[in-house]
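Written below as structure tokens is the structure these notes are about.
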Amino acid sequence: MKMELIRAEGLKLKRLCRWIPLMQGIILISMTALEWYLYFRQGPGGVYAGFNVMYMFISFVFLLGITILASIMAGTEHETKAWKQLLTTPVPKRSIYLAKLSWIFILQLCTVVITVVGMCLIWVLYTNEPMPWKILILQPLFVCLSSLPMMAIQMWFSTVFSNQALPLAVGIFGSISSLFLARSSSSIVHLLPWSYPSLSSPLVSGHVQWIGISLGVGLLLSFLGALMFARREFE
């Protein structure tokens, strides 16, 4: 996949797609700060309890953002009937699919950066405690990496269905489910991709293995999605 193709896909992004990482970061930071201030600031964890609060919401925010991005990017091609014209170019079909998927990942990395910067500002303004750089950076980064399977699933759903109602419904349901799946005592439930982001948090014991599983499953699903996309005929 050539960088020129990724840049070309970037130029096609709607303005809303570029704003979504900022909105994700603001929502996540606001929810974390408000919940911590109202219910946790007087607790034994003190200011550090904020990262436990972030853990409660971070998977939902990332997966919901991924759902919306995939729907917008694929939905635009469906609405304009551009798939057939786009796929007549000499560029391999699977490369077009992977380029779009790459932009979802890039935009989620932007969400990571915005979240880290925002949390740093709040930390500096509120406390003189040492900055916990490790958890501050790794928590959103690991969630982003472990969301790769859901990026692949949502991108595939959004390209298969011209009506984005079903992909959005699946994504929203998965985003909400992610708040609870990782807390299940069932190891089978933990194998569902929606549980990976929460299980990959540095606050969870054994999180490293879940990052590896997420990357492996995500790459496999991305490859399979690209192959299926390459074989599909669009009207």
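Positions of Cβ are set from backbone N, Cα and C atoms, glycine also.
In TrEMBL this protein carries:
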TRANSMEM  20-40  transmembrane segment
TRANSMEM  52-74  transmembrane segment
TRANSMEM  103-126  transmembrane segment
TRANSMEM  132-153  transmembrane segment
TRANSMEM  165-188  transmembrane segment
TRANSMEM  208-230  transmembrane segment
Q. With an 8 Å cut-off on Cβ pairs and a sequence gap of 6 or more, do the transmembrane segment (165-188) and the transmembrane segment (103-126) reach 3 or more such pairs?
A. no
(Q) Counting only residues 6 or more past its boundaries, what in the same chain has a CB within less than 8 Å of a CB in the transmembrane segment (103-126)? (A) 6, 9-10, 13, 17-18, 20-22, 24-26, 28-29, 32-33, 47, 50, 54, 61-62, 65-66, 69-70, 73, 136-137, 140-141, 144, 147-148, 151, 154-155
Q) Near the transmembrane segment (132-153), which residues from the same chain, at least 6 beyond its ends, have a CB less than 8 A from one of its CBs? A) 48, 51, 54-55, 58-59, 62-63, 66-67, 70, 101, 104-105, 108-109, 111-112, 115-116, 119-120, 123, 170-171, 174, 193-194, 196-203, 207, 210-211, 214-215, 217-219, 221-222, 224-225
